[in-house]
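Peer 1: Let me begin by handing over the structure; questions about it come next.
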Amino acid sequence: MATEQTFSILKPDATRRNLTGAINAVYEKAGLRIVAQKRIQMSQAMAETFYGVHKERPFFKDLVSFMISGPVVVQVLEGENAVAHHRELMGATNPANAAEGTVRKLFAESIEANSVHGSDSLENAAIEIAYFFAGSEIVG
Ligand code: RTP
Ligand code: MG
């Protein structure tokens, strides 16, 4: 297995409930290293661009409103097989379907306010990381 970097967001429902440390503890206990991290307020334009792939979906407008409803923490996580490993730790999109012990099972409020984002491929991880971080901000 190769060492990979993936892109992660702790969403507004997580920052609002002061859960950033609890979620980071899940990631760190599982061996993912947080090699970049910052707390930001996404603009509407940023959220629309970031979720552009979903722009024809019925939930797009609500999703963008949710993502700008409060601060988010954007991160780069590094580890063996990090993209798939992180998705496994996150659990299913809908917390009702998420496995025991996953971040979404533990913390998500709903299918929309589901606490975390993670890149779904190595290719998208590189695109998403570059959208939020300068190379100099990532320190392995
Ligand atoms: P993410 O992109 O946030 O890591 O989550 P994901 O791959 O598990 O889910 P995706 O299908 O990419 O959807 C992106 C985000 O949109 C919201 N969503 N709402 N109301 C709905 O039916 C619905 N479906 C998806 C969630 O916040 C989801 O994470
Ligand atoms: Mg997705």
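Even glycines carry a Cβ here, placed using N, Cα and C.
Annotations for this protein, taken from TrEMBL, read as follows:
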type     : residues                       : note
DOMAIN   : 3-140                          : domain 'Nucleoside diphosphate kinase-like'
BINDING  : K11, F59, R87, T93, R104, N114 : ATP binding site
ACT_SITE : H117                           : active site, pros-phosphohistidine intermediate
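Help me see these features in their spatial surroundings.
Peer 2: All protein chains considered, the CB of K11 (ATP binding site) has 26 other CB atoms within 10 Å. Secondary structure at K11 (ATP binding site), as computed by DSSP, is coil.
In the three-state DSSP assignment, the secondary structure recorded for H117 (active site, pros-phosphohistidine intermediate) is strand. Taking a C-beta cut-off of under 8 Å and a sequence gap of six or more, H117 (active site, pros-phosphohistidine intermediate) has these contacts in its own chain: F7, S8, I9, K11.
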Peer 1: Under a three-state reduction of DSSP output, how is R87 (ATP binding site) classified: helix, strand, or coil?
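Peer 2: In three-state terms, R87 (ATP binding site) counts as helix.
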Peer 1: Have a look at the binding-site residues (R87, R104) and report the one with the fewest Cβ neighbours inside 10 Å.
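Peer 2: Checked R87, R104; of these binding-site residues, fewest Cβ neighbours within 10 Å: R87.
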Peer 1: Using CB atoms and a 10 A radius, I'd like the single residue among the binding-site residues T93, N114 with the highest neighbour count.
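Peer 2: That would be N114, with the most Cβ atoms nearby.
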